[in-house]
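Listed in Swiss-Prot:
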DOMAIN    4-203  domain 'DPCK'
BINDING   A12, S13, G14, K15, S16, T17  ATP binding site
Amino acid sequence: MPKVIGLTGGIASGKSTVSELLSVFGFKVVDADKAAREAVKKGSKGLAQVREVFGDEAIDENGEMNRRYMGDLVFNHPEKRLELNAIIHPIVRDIMEEEKQEYLKQGYNVIMDIPLLFENELENTVDEVWVIYTSESIQMDRLMQRNNLSLEDAKARVYSQISIDKKSRMADHVIDNLGDKLELKQNLERLLKEEGYIEKPNYGEED
């Protein structure tokens, strides 16, 4: 019987890397961020609703959602985030559910890559929850480098979510990402072996 696994963690914890590795191991990944982009893609009903609620400033010169404007708006005004979520979340759920069911019908184990799985109380929609663990200092360093944020802004984004320690306590399994990519791969392989998804780990070798 195929399993549905919820993959989550903190911001900049390494979810994209783990998803890529899991796809190599034969899992099918349903990506919440990708579904969210599809929900408001150019010409979509979702984007039309965003314009209606948030005005023309929410749309850039290319007719796409102005992500910088909307990102700043919802980060600084929680009530605006709720309004945006009310538009996007139902569309995202439909996209992800359709994709998940298609993979399950084909007999695949499915990874639901959902950054805010606990924040949106979605843990009961999956069979297991796997959390990618890293330290807050590593999260902040990655955010400052990747997103060109100040330390203050990086802290604000990290602390806007449930702490990674609390998420780890609520998880069925925790994937350690305190080291480099090779160590992450080894930790993931160990979990997959323990859970019977792969035959044996392949430590020390890169694909």
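Note: Cβ is positioned from N, Cα and C throughout, glycine not excepted.
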Cβ neighbour count (within 10 Å, all chains shown) around G14 (ATP binding site): 21
Site with most surrounding Cβ atoms, counting all protein chains shown within 10 Å, from the binding-site residues S13, S16: S13
Secondary structure of T17 (ATP binding site) (DSSP, helix/strand/coil): helix
Sorted by sequence, non-A12, S13, G14, K15, S16, T17 residues with Cβ within 8 Å of centre, ATP: G9, V18, I132, T134, N177
Packing count at T17 (ATP binding site) (other Cβ atoms within 10 Å of its Cβ): 15
A12 (ATP binding site) in three-state DSSP notation: coil
Within the predicted model, mean pLDDT of the domain 'DPCK' (4-203): 94
Which of A12, K15, all binding-site residues, has a Cβ with the fewest other Cβ atoms inside 10 Å: A12
